[in-house]
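The structure appears below as structure tokens.
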Amino acid sequence: MSSENILDDEDTFKILIATDVHLGYLEKDAIRGGDSYSTLNEILKCAKTNQVDFILLGGDLFHENKPSRRCLHNCISMLRQYCMGDSPVRFNILSDQTVNFNTTQFPWVNYQDENLNISIPVFSIHGNHDDPTGAEGLCALDLLGASGLVNHFGHSHSVERIEISPILMQKGSTKLALYGLGSIPDERLYRMFVNNQVTMLRPKEDQDQWFNLFTIHQNRSKHGPTNYIPEQFLDEFLDLVVWGHEHECLITPTRNEQQLFHVTQPGSSVATSLSPGEATEKHIGLLRVKGRKMNLQKIPLKTVRQFFIQDVVLADHQDLFTPDTPQVTKKIENFCYAKVTEMLEEAERGRLGCPLTPEKPLIRLRVDYSGGFEAFNVARFSQKFVDRVANPKDIIHFLRRREQKEDIKDEVNVDYGKLVKTTAIEGLRVEDLVKQYFEAAEQKVQLSLLTEQGMGKAIQEFVDKDEKDAIEELITYQLEKTQRHLQARGVITEQDIDTEVRLFRDSKKNTTEEENEIKEAMNRAKAHRLERGDDDVLDAAILDDFATPMDSDEGSDSFPAPTRGRGRGGRGRGSRGRGRGAAASEPKPAGRGRSQKSSTATQSRSIMQAFQASSQRPSRKAATTSYTADAMSIEDSDEDTPVLKTTRPPPKPASSSASFSKYSSQSQSQSSRGIAFDDSDDEEEDNPFKGRSHRSRR
């Protein structure tokens, strides 16, 4: 520590980094109710002990959007205890604070308020748990901001375009640009990045001298085609990204070789789910920035409750028991008892010398009982550990994942009844089921006529909109078109037919022709419903036309909400007439029930017919980026592709000592790319910032 104290000079920023504190989690639980408060107290105490310049929080400070009075009281008390005092703040803010802190009536940093005595400023973005709601767009962080305890930044008021203006700080000769973006629905933000609607402003003067630090609170791992934010979407000029929302602690900075910045994921400070990602040791980070160099020191949290998780597959222990073994359920229970006891003994050894660690650990044993085994009474089993674990009600978790995987791999002999049942239990979506089938069927059974995109769209129409003929009509349409193609080419032999069908199918993948064919097939399905005289066809078509652009996330970005009024151009007398006729056009409940019941066999037959054909899964084409000197564009695809932003003329300078310009990543001088990073574990005594500079981007 002596060498650190010597080198923590007037030019070095010391920043304590933490994310996902989830204050107030399970606060009514008799055992775990105080865990989040103890950990926040440790974080703030660590900041004061290390005499940091400020604390940076990456979202989800609170677990509930409306924290309880106890939660707010404890938070305010701890912030006042550790963050107020006479210690001077040794850095200045150069940017326009009315832009940086635009969610409060006091748009300036709290330590510059003449009525407050702040020793450690706290800067925080909001997460998805404590995001702004209501007509005023306020969140719990705004309460702390109004009281002068927290500086809430990174709040975007627009759903059409985001401009991220940094907080420009300077300590001695070190210049730090702090960017922040609070939580936004991932699908919406993904689309905004793709459409070049996210711009990060940069100071016009001395761009290469600023250390650019960005804090974000979004999905980092891919949960769906657009339900995450790829690292490649972020700008290249960034030096370090603090990633919140993900609870697994991966605090050691990792380098993105494409964008040439580092990413640190501190993870949550308290375990909010009994999953493997939460079982890793929890850390916070002490970041030092000097000039264009940085050093991140990992600090383990000692007040976090221990969490041990283990998986057991009963079918792998045939030497101990089989489904035919006498009293096999009792033997399985004894086996699980021994496993839990082993984890408790490991927890006891881990607590030696750590008096701050809570006494009772979290224990989770996931038991795969596929293969004919039966589950035992979990409540009776848990009674044996009531006084020894913090989660006695959910120690054991039974699951049958192996059976599901084996069934899918068995060519087309898939038990859809079991799959649908598992989907309902585990919260899977129909799209996930289709994806699992295609992944399993890719080896032996491959579709010939349909593409994955067409099948997915047809099943989505079938499930979401009750379009009974969607799958059947898509197959019929593709079959007819393929037959006409083969007749035109004059193909006769079976081998030539197979080859020509695949070539014809591959030529349409990911093209406008494929999309038009899918739309035509869906229109045919709707036309058949009209011919049959289904009561709800017209209403469903009208609702689809109006509901599609007004989707929860997408429509609100591009289409204004309808306004109610007496104007002739809005909803006037015509709307009242339509309202009287609406009841008559709605389907009767009894009739709708009979229609669904009579179509059960048809639905099952359509799905099975769709899965009986063979196909080849379409290959993903890498997205290509085309750009000119004036504008940049990007193709929307599932791949992690960088977004190149449009170069714009600089705005008028704000009323501050630094002005900004909207520069894209490509406008940066490439010779200056790369930030020197040295892990704290290899730190030398004389210089913790020593480390070779990374190669510049070519």
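Note that Cβ sites are derived from N, Cα and C of the backbone, with glycine treated the same way.
Remember, TrEMBL labels are computer predictions, not curated facts.
TrEMBL assigns the feature coiled coil to residues 504-531, out of the candidate ranges 196-223, 504-531. Cβ environment of HIS129 (active site, proton donor): HIS22, ASP60, PHE62, HIS63, GLU64, ASN65 lie under 8 Å away, each six or more residues apart in the same chain. Note on the domain 'Mre11 DNA-binding' (294-462): its mean pLDDT in the predicted model is 81.
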